[in-house]
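Engineer: Per Swiss-Prot, the features are:
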- 153, 154, 155, 156, 157, 158, 159, 160: ADP binding site (BINDING)
């Protein structure tokens, strides 16, 4: 019998920072130890245009959708689109709000992110989230010097969820894919401010996770090589060599949770450079 864990996509859509939703999703996922969620976190989704872009991404990598959206019309839009796509969805807050209303009476009004105190720390986190979402997967490469952290790594080394976790702690984080024969942007090497960290994992782990990604969405790869362990080993060799050449620290995420990877990065930031 094969012992390999099954992977599934877990899409988390929030109109705020997403912390509440991440906790709920992980609390549920941990009850299924033989299934491993591939988290996709979409914070600050507050209008139909943003929601539609998210749902297009979900359509390419179907899975379970959890969302905390206070606006009833936007929540209804997400629910209907999930039905059209054919994926299960749960509005995590709605049953709780319904119970509160039944006991306390109708809401005066619904407030996005009302659980967060509007202080300097909160606004720093929102600024970090905005920066991180704008600089996901190599986007907006011209201003990496404004980042606190830049994560580099081959496809499926948890760069995006780690970036969002760090952003939720007020750390502006960009991430860039390492693709052999595709040079990294010169702006990265010119940046003096950020800590640059390489993320790696074992070939087996990456192959398993990549096997659950729709190959048509992957650029820069021959589909036959994308999940091939020998090809992945070559990608990892290139990534390690690149990080060693530039003296960038490397973290192996194979057996680390997102929280553990983020904690290791935060510890690296605390060290003199």
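Each residue, glycine too, has its Cβ placed from N, Cα and C.
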Engineer: In three-state terms from DSSP, label residue 160 (ADP binding site) for me.
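Structural biologist: Helix, per DSSP.
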Engineer: Just to confirm: which same-chain residues, 6+ apart in sequence, have a Cβ under 8 Å from the Cβ of residue 160 (ADP binding site)?
Structural biologist: 40, 41, 136, 137, 175
Engineer: Using the centroid of the Cβ atoms of 153, 154, 155, 156, 157, 158, 159, 160 as reference, list every other same-chain residue with Cβ within 8 Å of it (recorded ADP site), in sequence order.
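Structural biologist: Going along the sequence, the neighbours come out as 175, 177, 199, 201.
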Engineer: Quick one: give me the count of other CB atoms within 10 A of the CB of residue 156 (ADP binding site).
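Structural biologist: A count of 25.
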Engineer: Just name the winner among 155, 157, 158 (the binding-site residues) by count of other CB atoms within 10 A of its CB.
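Structural biologist: Answer by Cβ density within 10 Å: 157.
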